[in-house]
Structures are given as C-alpha cells and as structure tokens.
Amino acid sequence: MAEEMESSLEASFSSSGAVSGASGFLPPARSRIFKIIVIGDSNVGKTCLTYRFCAGRFPDRTEATIGVDFRERAVEIDGERIKIQLWDTAGQERFRKSMVQHYYRNVHAVVFVYDMTNMASFHSLPSWIEECKQHLLANDIPRILVGNKCDLRSAIQVPTDLAQKFADTHSMPLFETSAKNPNDNDHVEAIFMTLAHKLKSHKPLMLSQPPDNGIILKPEPKPAMTCWC
C-alpha cells in the first residue's frame, strides 16, 4: 500500500528552466501528482463535475464519454504545489473494456458519483465498489461518495438519509452538489480539495467506524437516460 499511496513526481521548471543557487544551478522543483478516478453510471454528471473543478465552470456542451476523459489542475496546499489528475471513464460497459486496466493503474483516490434524480444510479454503486475490489484497489485508498444534480429538487429520488447510511456503511464522506449550478461551485471544490488534503497528509477522511445497521444495495436494471452530463 505504501507504494500505491506514493504520488507521482514530475519536473516543474521555472521560466528560465532551472533555479540558480550558491553552488550553481539547482535541480528543478518537483510537484506531486495524485490520480483520482471518478466512477459511476452514464449520465450521472461525472464529466461535468471534473470540468467544473478544473475549468471553474459548467461545460458549454456535454456528450457521452467514450473511453476515458482526463483533466488536471494544479493546487497549492500548505505551500506545496500539487497536481490533481481526474480520470473520468465511460459508464457504459462497451466503452470501458479496452481501457479499464489502464484506468485503475496507480490510483490514489476514488470518487463514486450517482444521480440524485435517478434511483437506479444509486443502486448501481455496489457494482462500482465491487469493480474497484476486482482491480485490487486497497481498502484504505480514500473514497468519497457524491450525489450530483441536487439543484433538481422536485425530481430528487435518493433521499439524503439513505445516501448517508450507504456512505457510513462504506466509510465514505457524502457530498451532495450540482455541477451545473454556479452556487454549488464551492461544494464541488470541496470534494476534490478534501481528497487533495487527505492525500497530502495521509490522514483518514473518516475516523468513526461504520454503524452496524448499515444498508446493503443490490444492482437494479438501469433505465434509459437522456442527459449526457
């Protein structure tokens, strides 16, 4: 696990390409890189969440992800520059088969996403957790549960207390947010910055033990959905 939790390193050059010091040129500063994968059914808003965090806005156009979508953003935490790489994979099985092994390689953290207006996407979460296990992701890799599209209040199907019980059962923090609503921009920021702080410090995201009366979900058939975000 120690090797898995070690971040990647990349050279970060100054505008002159190096830093001068008393003994001549010093080696270029290096930034840690953390790979975070974003998992969930198609149409739950994975791409829009990663775009909102990296670009600071909702994408002008949204289309179904085919294969893997990759974005990154540099942040500074306690004076250290860190790069966060967000890997968003297609939720549809036929688009995932050729990429799944590469997708799960050297992962530092996982974000599970469901659509708050679609109960089926919530019931699919156990299958996504199982996929992580099948690809040998250690249990102590940080995980976060995200309910997206909270702005569609009249259409919400997944109550917060149900999602919270599931999150507690799997020792994950729960965030409910909207990638589309600008008012929730700080909340989207908090999701990924929570992971960034955790990865930098290697401290647990949750210290409490999951309750004994946790719920267990079984996958249900996924209905057709029209929103590609």
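Even glycines carry a Cβ here, placed using N, Cα and C.
Check Swiss-Prot against the ranges 56-68, 173-185 and you find motif 'Switch 1' recorded for 56-68.
It is 89-108, from the ranges 69-88, 89-108, that Swiss-Prot records as motif 'Switch 2'. Put simply, D88 (Mg(2+) binding site) is 10 Å from G45 (GTP binding site) when counted between their Cα atoms.
The two recorded residues, T47 (GTP binding site) and D88 (Mg(2+) binding site), show a Cα separation of 6 Å. Other C-beta atoms found within 10 angstroms of the C-beta of T47 (GTP binding site) number 23, with every protein chain shown included.
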